[in-house]
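S.K.: Questions regarding the structure given below will be posed in turn.
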Amino acid sequence: MVNICVIGAGYVGLTTAAVLAELGHEVCCIDKDQNKITELNNGKIPIYEPGLSEFIAKNTNRLSFNTNLEEGVKKASIIFICVGTPSLADGKTNLSYVDAVINEIAPCIHSYKTIITKSTVPIGTNEQIYEKLLAKKISPELFNIVSNPEFLREGSAIYDMLHPDKIVVGLRQDDTQSLPIIQEMYSRIQAPYIVTSLNGAEMIKYASNAFLATKISFINEIARICEAFHIDVNDVSKGIGLDPRIGPHFLQAGLGYGGSCFPKDVKSLEQIALSKQIHPLILQAVQTVNDTQIDVYIHKLKTLFPDLHTKKIAVLGIAFKPNTDDTRDSPAERLISRLSQLTCDVCAYDPKAKLSHDQHHVRQVNSLDEAIKGADCVVIATDWDEFKQLDWTEIKKQMNGTIIVDGRNCLNRKEIEQCGLRYVGVGRG
Ligand code: UDX
């Protein structure tokens, strides 16, 4: 058992803190936001993540929440940095939260600390953190910096942290102390270790997200070509995915990728490359396909409805993917904005997520029935399970029109057509 301080109570920080407590460690999770900490201490979890609240409740004897960073850091031998690293307007990464944490923890380092960065940071950042602490006259005997990126998917973050496919540990060249500390801390987690340099670990995280985003943009481009030849892209995904060199995952065509990681990380890696005068052709193409994917659906809708601006469109799904209430960079919200600009009457429904801002002609309703009632067209924008199991005969009765646009290619086309509705996917023949 070790004493751990987790700085940042967002998705990554809360999941990390809850899982480390579950593994038997004494964990204090720190956040500047007093309201959030008060709520957490009252058992209220600020985000929707399946299993997280149960996990936190189960481990309250070992897990505490506080705003007092100094106290948390002094007590702990391991410090996790889990603060946000959002995009700046130019696509580079805003490191101000990480910098602020380093400035705050520096004066509290009086005994040996292993400082672990989980936040996704540009290549070279952990080396800079090390230098920064040395410049603040912290003895190199008193600390080490480790890069230990996370690969958690929202919606299955707890499972992913307990069952990772690998544990990536980036170390400074002369650091012989940290690896056994990390291995001891994670001793109850079974996974292969990838031990590399600090820069190497940072790159694994970026390359991993960029590769997954590339798979999505690739299949979305293939879907556009399939569309022209009346081919079902879902058959193509299945067909190519069975080749173990390709693999079946992240080949679901649709409205494109969103969320707090892919868009930001691909942009950031592009900027990292450009900073070294490397022109990242693939990364740029991946983003172009993603940025124009909504256009493909808007074009479809305009073809189906020449008077689109007069139509009532029910958009099912607001979250950037199912099983989360997160709408950051959500393709569903991008679609809603476009429809709002076209002055359509938009009725949006999501089982968990709320629209992030008010928009003209857009209403969010609390039930699926309300959204569908009188709709000329229903668009599936997020592939929640509940949308895959709809009773289409009932839906047809409530709708004004007959068109179902499957923006996630996740519905059973035959079933919908048998109910007398018209199914429209992208790249589905
Ligand atoms: C991602 C990575 O998977 C995770 O390892 C990393 O730590 C953080 O970023 P997350 O953002 O939670 O996780 O979502 P993910 O499940 O990867 O989906 C990202 C986006 O891609 C979603 O908008 C999703 O709808 C879309 N997607 C995913 C597709 O469009 N097609 C697919 O086949 C898969």
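Each residue, glycine too, has its Cβ placed from N, Cα and C.
No curator has checked TrEMBL annotations; they are predicted automatically.
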S.K.: Among Lys113, Lys205, Lys352, Lys354, which is the one TrEMBL gives for the substrate site where Phe151, Leu152, Arg153, Glu154, Phe250, Leu251, Gln252, Ala253, Gly254, Gly258, Lys321 also bind?
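M.R.: So the substrate site in TrEMBL includes Phe151, Leu152, Arg153, Glu154, Phe250, Leu251, Gln252, Ala253, Gly254, Gly258, Lys321 plus, from the candidates Lys113, Lys205, Lys352, Lys354, Lys205.
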S.K.: Looking at the NAD(+) binding annotation from TrEMBL, with Asp31, Lys36, Thr85, Glu154, Lys264, Arg328 already listed, which candidate in Thr120, Thr196, Thr214 is the matching residue?
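M.R.: Between Thr120, Thr196, Thr214, TrEMBL records just one in the NAD(+) site with Asp31, Lys36, Thr85, Glu154, Lys264, Arg328, namely Thr120.
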S.K.: Tell me the Cα distance separating Lys264 (NAD(+) binding site) from Leu251 (substrate binding site), rounded to the nearest angstrom.
M.R.: 20
S.K.: Sort the residues of the domain 'UDP-glucose/GDP-mannose dehydrogenase C-terminal' (314-413) into helix, strand and coil with DSSP and give the three counts.
M.R.: 28 helix, 19 strand, 53 coil
S.K.: Under 6 Å from ligand 1 by C-beta, which of these binding-site residues make it: Thr120, Phe151, Gly258? Sequence order, please.
M.R.: Phe151, Gly258
S.K.: Fewest other C-beta atoms within 10 angstroms of its own C-beta: which of the binding-site residues Arg153, Lys205 fits that?
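M.R.: Checked Arg153, Lys205; of these binding-site residues, fewest Cβ neighbours within 10 Å: Arg153.
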